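Report on the following structure.
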């Protein structure tokens, strides 16, 4: 019965963020602007790092991969959400829903692992500055980046297969996208096993990188406190401030969404947190890393200078 229902279900209906037409128009304009800023900002980060040899450093290699992940994550959900703001019938085909959940889970998981790798990079830079180039060589950086993406995709494959093998009782998703917890609410069987898998996935994909971040920054703070000059302490802190800001946003929203007790959560709260993570955080990442980073701003000025000279 359950398997037949799942095969027959050719599409899902997304309730979205609002049923009021005026509100949907306002949200369309707002999120369209945020989407364009996100894509252009992250693409600019990738372009600057690619074109400027001064930015061919481990930290910026990770940053370019993070920007790529943010672009992919945003494109997996936001364009469809924008279309649905202007549509009366907010439907998504079954296979598109599966693909959307798979990509969003893969990119989200990869981002957490990347933030953990970036924290390790900052730890080596602050605690072992003389050996930094030897430890964080190009091969290790590329290997860590590939490992982060690989771990994210492996986690997504497992979760997606387990979720969509469940029998579904209805096809109305109280969300703006095919999000894991929202899809699990459609099932008509006991999902205790899935809740355990979500908890395991959350621990491996969120808490392990979080522990690595906490360990790295614990060592970083200790090292900074041993720096005698105030100028040296300030410089060391500046190298970590941007990354620490992004880490706080990403891990904070994810832990609130996936690792708190299910009884204390609601669909509306999950939608707001997921919206912040899918739209706001990817938009803020390039702004935080560019506005708070002198090397990135210098690279941007050099690029603009070259463009003005060609004119």
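Backbone N, Cα and C atoms are what each Cβ position is placed from, and that goes for glycine too.
Lifted from TrEMBL, the feature list:
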{"type": "TRANSMEM", "residues": "25-48", "note": "transmembrane segment"}
{"type": "DOMAIN", "residues": "41-289", "note": "domain 'G-protein coupled receptors family 1 profile'"}
{"type": "TRANSMEM", "residues": "60-78", "note": "transmembrane segment"}
{"type": "TRANSMEM", "residues": "98-120", "note": "transmembrane segment"}
{"type": "TRANSMEM", "residues": "132-154", "note": "transmembrane segment"}
{"type": "TRANSMEM", "residues": "196-215", "note": "transmembrane segment"}
{"type": "TRANSMEM", "residues": "236-260", "note": "transmembrane segment"}
{"type": "TRANSMEM", "residues": "272-291", "note": "transmembrane segment"}
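When Cβ-Cβ distances under 8 Å to the transmembrane segment (60-78) are tallied for each of 25-48, 98-120, 132-154, 196-215, the top count falls to 98-120.
Counting same-chain residues at least six beyond the ends of the transmembrane segment (196-215), those with a Cβ under 8 angstroms from any Cβ of the stretch are 109, 112-113, 115-116, 119-120, 123, 151-152, 155, 158-159, 162, 180-181, 184, 247, 251, 254-255, 258-259. The transmembrane segment (25-48) and the transmembrane segment (272-291) are in contact, since at least 3 Cβ pairs between them lie under 8 Å (pairs 6 or more apart in sequence). Over the domain 'G-protein coupled receptors family 1 profile' (41-289), the average per-residue pLDDT in this prediction is 84.
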